[in-house]
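Features reported for this protein in TrEMBL:
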- 19-303: domain 'ABC transmembrane type-1' (DOMAIN)
- 338-571: domain 'ABC transporter' (DOMAIN)
- 20-43: transmembrane segment (TRANSMEM)
- 55-77: transmembrane segment (TRANSMEM)
- 130-154: transmembrane segment (TRANSMEM)
- 160-178: transmembrane segment (TRANSMEM)
- 243-268: transmembrane segment (TRANSMEM)
- 280-301: transmembrane segment (TRANSMEM)
Amino acid sequence: MKVFFKLKWFFIEKKKEYIIGLIMLTFVAILNLLPPKIIGYIIDEIAAKHLTPASLVKWMTILVLVALFMYLLRFYWRLLIFGSSNYLAKTLREKLFSHFTKLSPSFYQSRRVGDLMAHATNDISAVQQIAGVGILTLFDSIATGGFVILAMAFTIDWRLTLIALIPMPFMALSTSYYGKLLHKRFGVAQAAFSDLNDKTQESISGIKVIKTFGQQKEDIEEFKSLSNSVVEKNMQVAKVDSLFDPTISLIVGISFLLSLAFGAKFIVDGTMTIGDLIAFNTYLGLLVWPMLAFGMLFNILERGSASYDRIEELLGVPMDIQDKPDAIDQQPKGDIRFELENFTFPGEQVSALKHIHFELKRGETLGIVGKTGSGKTTLLKLLMREYEGYDGTIHFGSHKIDAYKKERLKEAFGYVPQDHFLFSTTIFSNIAFINPTVEKEKVERAAKIAHIHEDILRFPDGYETIVGERGVSLSGGQKQRISIARALLLNPELLILDDSLSAVDAKTEEAIITSLKAERQHATTIITSHRLSAIEHADLIIVLHEGTIVEKGTHEELMAKKGKYYEMYQLQQLEKLVEKGGYCDE
Ligand SMILES: Nc1ncnc2c1ncn2[C@@H]1O[C@H](COP(=O)(O)OP(=O)(O)OP(=O)(O)O)[C@@H](O)[C@H]1O
């Protein structure tokens with residue numbers, strides 16, 4: 001029942017609908033009492049040979065009118081109560097989705113997508129049940145059941161009512177026991193469903209890899225085994241679920257038996273009429289649903305409460321990085337200054353970055369090179385404030401990055417990540433992602449700087465060509481260049497290319513870099529790369545090794561130093577030479 005209290009905010013919001021709906025349900029419950037009473041009365045009239053055709057027509061008309069009125073009331077309460085429960089599902093879904101969009105990368109690293117999807121579907125529908133069927137069963141088990149019992153006791157016979165109610169405590173005990181069992185098994189079934197969801201999501205996303213390695217059969221087997229596990233766990237739920245109805249029917253049957261035996265005795269004693277016994281038994285029949293509802297209520301509340309707790313737990317996951325109360329509502333502009341002593345990822349022992357000190361003037365280009373795992377992306381993530389908790393400071397313009405509102409800070413970046421992502425929509429919409437109504441000329445201009453315009457014109461529908469699963473397949477280099485165009489469209493204060501030229505050939509790389517230099521003379525650019533040709537032109541180059549800067553300077557300075565950069569340069573020249581078959585055209 002505590003879950004109703006937890007959902008107080010929703011019931012208050014929808015109080016009008018629930019109050020009107022429950023008033024209608026009360027009317028239905030009261031009107032429900034009339035037919036048995038009328039039928040009992042008619043039978044007694046028949047037995048006493050008092051029934052006239054006129055009174056029969058009168059009672060029949062009343063019965064029909066009662067039925068019609070109940071029909072209308074039942075339609076409207078369903079509309080109000082079940083309609084509101086849909087609204088609860090919609091509100092929770094939106095809250096959850098909006099919260100998901102604000103959570104940090106570390107949250108997504110620790111949670112499985114399949115799990116999150118299961119929460120957003122199964123758990124929400126279990127909570128929705130509380131506000132719909134849950135309210136109905138609560139009302140029916142207490143009010144409808146209560147009215148029927150009162151009608152039996154006060155309008156027919158209180159002795160027989162007490163006798164017929166003897167088996168009831170057993171029902172309360174068994175439903176509560178089944179409820180607990182169900183809660184446990186439902187949790188297990190839910191976990192199995194999450195695993196299956198996860199597997200499906202992973203298999204569909206990784207279908208190319210699965211096919212390439214010819215692992216379809218193994219994948220299908222694994223899927224089958226998870227699917228079987230879901231069925232098996234749900235069977236365990238169904239077993240308990242299936243015990244509910246027979247148990248309740250058995251208890252109701254005992255009630256009928258008792259009422260028939262003792263009712264017959266009371267008729268023989270002359271303390272009860274046949275009509276009364278028939279009316280009593282009809283009431284007892286009306287009691288079956290409230291009793292079933294009582295059992296269902298436990299079930300719905302157990303499931304819904306566990307689901308609501310899980311949803312609340314997710315909604316309670318704090319956004320890792322929050323704005324300060326006096327955060328600056330202004331987009332940062334200007335020089336970038338790193339004075340970072342140490343950064344370690346949450347839960348890790350070893351530092352990912354140490355002693356990172358450099359300054360980049362507005363409009364300059366920074367090149368970051370280093371072996372894989374040397375900390376290039378981590379440095380960028382800190383600059384974009386995806387992680388905090390480091391020793392030192394990072395300035396952007398005249399303030400530290402954490403002094404700005406996060407939204408405003410983000411606006412300053414045009415970030416092209418290593419693992420670029422294109423949506424299954426048109427090329428135009430992919431580039432115009434941040435501003436779908438932008439003019440075509442601007443999109444084309446960005447595409448020209450990223451040297452993808454010509455490629456796009458060659459596609460069947462030009463900029464309207466659909467990419468991804470529903471459309472054309474693009475090469476890695478084309479995808480990278482579309483991602484670059486997307487970032488360029490923002491005309492960002494700081495453009496970040498995180499190894500974003502790795503899949504384009506050397507000539508295209510050079511052309512892109514030349515256009516970027518010409519277009520972005522007054523804005524800052526950071527390029528990380530394994531290939532030195534991508535950063536050779538930079539105003540400042542830093543060489544990272546095991547999370548720390550081992551060299552920094554311009555290309556010429558670093559070459560003159562004959563250190564790590566020089567070694568990398570020589571090695572890459574040699575590689576180029578080998579690729580060309582041993583001839584150097586310089
Ligand atoms: N979220 C994380 N949690 C813990 N460790 C991480 C996390 N992200 C990266 N690391 C670790 O930090 C180190 C630096 O990783 P980073 O991605 O910055 O390297 P990189 O230089 O960008 O490599 P690459 O060139 O392969 O992209 C690596 O050892 C990596 O395993």
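Here, residue 1 is simply the first one shown, and the rest follow in order.
Every residue gets a Cβ built from N, Cα and C, even glycine.
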Stretch-averaged pLDDT - the domain 'ABC transporter' (338-571): 90
Tertiary contacts of the transmembrane segment (160-178) (same chain, 6+ residues out, Cβ under 8 Å): 149, 152-153, 240, 243-244, 247-248, 251, 254-255, 258-259, 262-263, 266, 272, 280, 284, 291, 294-295, 298-299
Positions on the same chain near the transmembrane segment (20-43), where near means CB under 8 A and six or more residues out: 51, 56, 59, 62-63, 66-67, 69-70, 73-74, 76-77, 80-81, 84, 135-136, 139-140, 143-144, 147-148, 151, 155-156, 273-276, 278-280, 282-283, 286
Tertiary contacts of the transmembrane segment (130-154), as residues 6+ beyond its ends and Cβ separation under 8 Å: 3-4, 7, 10-11, 18, 21-22, 25-26, 28-30, 32-33, 36-37, 81-82, 84-86, 88, 160-162, 164-165, 280, 283-284, 286-287, 289-291, 293-294, 296-297, 300-301, 304-305, 308
